[in-house]
Amino acid sequence: MSEVTVKALAEEVGTPIDRLLQQFSDAGISKKAEDNVSQTEKQSLLSHLQKEHGGESTDGTPTRLTLQRKTHSTLSVAGTGGKSKSVQVEVRKKRTFVKRSALEEEQRAADNAKQEAEETAQREAENVAKRKEDVRLAEEKAKRDEENKAKRNTEDTVKREATDKRKAEEKAKRTVAVKQAKSETELLQLRREEEAKRKAEEDSQRQLEEARKMAETNEKNWSATEQNVTANMEKSDYHVTTSTHARAAEDEQDRKEETTGTRRKKKPAAKKADDRKGRGGRNQRNQRGGRGKQKPQVNAPTSMQQGFDKTATVAKSDVVIGETIVVSELANKMAVKATEVIKAMMKMGAMVTINQVIDQETAALVAEEMGHKVIFRKENELEEALMSDRGETQAVESRAPVVTIMGHVDHGKTSTLDFIRKAHVASGEAGGITQHIGAYHVEIGNGMITFLDTPGHAAFTAMRARGAQATDIVVLVVAADDGVMPQTVEAIQHAKAAGVPLIVAVNKIDKDGANPDNVKNELAQYDIIPEEWGGENIFVHISAKQGTNIDGLLEAILLQSEILELTAVKEGMASGVVIESRIDKGRGPVATVLVQSGTLRKGDIVLCGLEHGRVRAMRDENGKDIESAGPSIPVEILGLSGVPAAGDEATVVRDDRKAREVALYRQGKFRDVKLARQQKSKLENMFSHMEAGEVAECNVVLKADVQGSIEAIADSLMKLSTDEVKVKVVGSGVGGITETDAVLAAASNAIILGFNVRADVPARRMIENENLDLRYYSVIYQLIDEVKAAMGGMLAPEFRQEIIGLAEVRDVFKSPKIGAIAGCMVTEGTIKRNNPIRVLRDNVVIYEGELESLRRFKDDTNEVKNGYECGIGVKNYNDVRVGDQIEVFEIIEIQRTLD
């Protein structure tokens, strides 16, 4: 074969020249489009392509085989509104098979033979099982057919008996009706026959009389006349007889048609006879064919009736309901329109919309009312699975006690703890009042104790209650000079509700007015009995200022903890409770967690209420970074997605993704439940709000440094609300005051309250531009007092009348311009010109008006004091008499307060 160029070879084999050059290059042959290609190079290229693409081997069989396959399918995906949509799915598969050696072929052949034998045996076994199953199914089908046949025969027998019975009853009724109609028809026919007979006899008598007269007058024509009379009689009798027989025949035919059985529609016999007979008693029904023909209405037997019977009830189904559900979703689950669900709820007394969220109980009542079976969905399956995968161990060890110090304001709680810790904590709190829950652990000679210092102010009830729930022992600090105070009683109630033992520390025994015995007597009224009186409570007399008997208090705490035998799981995944939380600028959300079991380590994944995250850093109460914390150790953790609520449970889990899902589920559940309750409260309070009318509102935007302070302040502000002024917290949050808070305050006409926080630069600029009211506080007393004052300014003022002067009329003069002028002597106070007056006669008010003129001698004056004479002109009143009294008063506006 002669050599050809690469370009000619490409045209010959029908491939692009670039691709052919690339194939030459892959085969190790460098060519250009104008170069010649020899036979050897062609053979080399062919060998390379066969090796590359699975060409034929030496025996002519291919060594590589590539298969491509496409499959198309349709997938139904559920959409909104209960509808589904179809999605086209294309699956592409590509497989390459390479020929193996002869040994592998033999092994594969043996394997294939073995596999075929196994498959054959399996198919035979399946066929045998299938035949057995077919036989069993055939027997069951035959049995069901026999049962159905017997059931149908029974039902047919019952139906036939019922049909025969109904036919017999209808036949009896028709027979009675026919007999009644027949008797009436025969009576009417007899009357008509008698009338016709009587008429015919009268006609014949008249004709005979005429014939006799004619015979007498004309004897010749007798024979002809007699014949005519006879013919007329026969003719008359013929017509009368014919009509009578015709009517009888027609009536007989009607009776036959009436008694043809159940095929003719049943009608009252009397009505049928009256409808069918017209003038002269003849049957007026059209018996001819054509469009006007009235066909008899025939009812088929009951067993032979056919027709479409619309199902009266919808198909009942099982409805799965979660914690909350939207009305439209509930309608989709029940396969009904949303309007039907809304109608059902309106009948039950609830007004809802199609997109409204309803709670589980309401949805269950609606579904059961509409005849469906309700299945309550277990919403927290993922949460339970996540909690069960924590791998907790059962090895428990003794742990340090968690002690909460409670008591009234300024009774020395923080000072006692301060002396124990050898640090001045109280000086760091604003006004010496504890605003947060301080958590500290103290190392002493015999072990370790964790202290929780709770605020004593009444506004921090929720924080104090959380402290009691997380503690093992409560130390109640009572001042020896003050005794039992309101917050002391509240702390006792929290300790009893939590079921924790109570140790009483009688503080300030170094003061002159200290009376520890009086404290014992007062506490005995609340079932706090000292041990020396036979009770269970330990009383320790201390002085936090001097440090007196502090060691005795610690020994009492350790003694009580030994009695309780406190244990916890030390190793394993940690769990605890959030004591406090806040947003730290630069570090983000910070939560103070008291570890209750396990060991919390840096890098653990924590699920904390509605928030989650990985522990990026851990700090102790002194601000030092630590790597781990065991049971009864309070720590600050960083890395959560948001600020958790104080009192939430903090749990370490394994999977970050599942923790995020559980947190999102909790947030959605919290939001749905909140919306459902909010809607319910709106409906319930709608009429009460309409009746109450307009009420002044004091809107507040509240920002604080920690979550507990927000709860305490918001609760205190809500308690300030009265019937005339309501306090409404339109926005609250942890952290500094931002521009968003300022915008919210401007939109709602609210004042901004910052508790231990400050506003940033954009927020201050916005506040200045909008002229908003921004106030900073560090002590809760001042905040509550100023809000109370602001609410007092919103109250409607009170007006009071105050008498400033009294004048007695001594004489009356007449003036042409003014009228009656009263000459008076001022007996009390001062008479002023521009004030309103009252005229009293015998101590009874007879007129109320104003002064028109006030003169002393001839000069006008503005006021006349006690003991002087004056002339008074009363405007629009001339009936002034001697002896009357003129009382001058003024209206004073008094600003009301909430106290």
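Using the three backbone atoms N, Cα and C, a Cβ is placed for every residue, glycine included.
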Kindly point out the range from 432-436, 677-681, 827-831 that Swiss-Prot annotates with region 'G2'. 432-436
Among ranges 377-380, 453-456, whichever one Swiss-Prot labels region 'G3': 453-456
In Swiss-Prot, which of 507-510, 599-602, 639-642, 847-850 is labelled region 'G4'? 507-510
Looking at the candidate ranges 407-414, 511-518, report the one that Swiss-Prot labels region 'G1'. 407-414
If I take every residue in the domain 'tr-type G' (398-565) and average their pLDDT values, what number comes out? 77
How does the region 'G1' (407-414) divide up by DSSP, counting helix, then strand, then coil residues? 2 helix, 1 strand, 5 coil
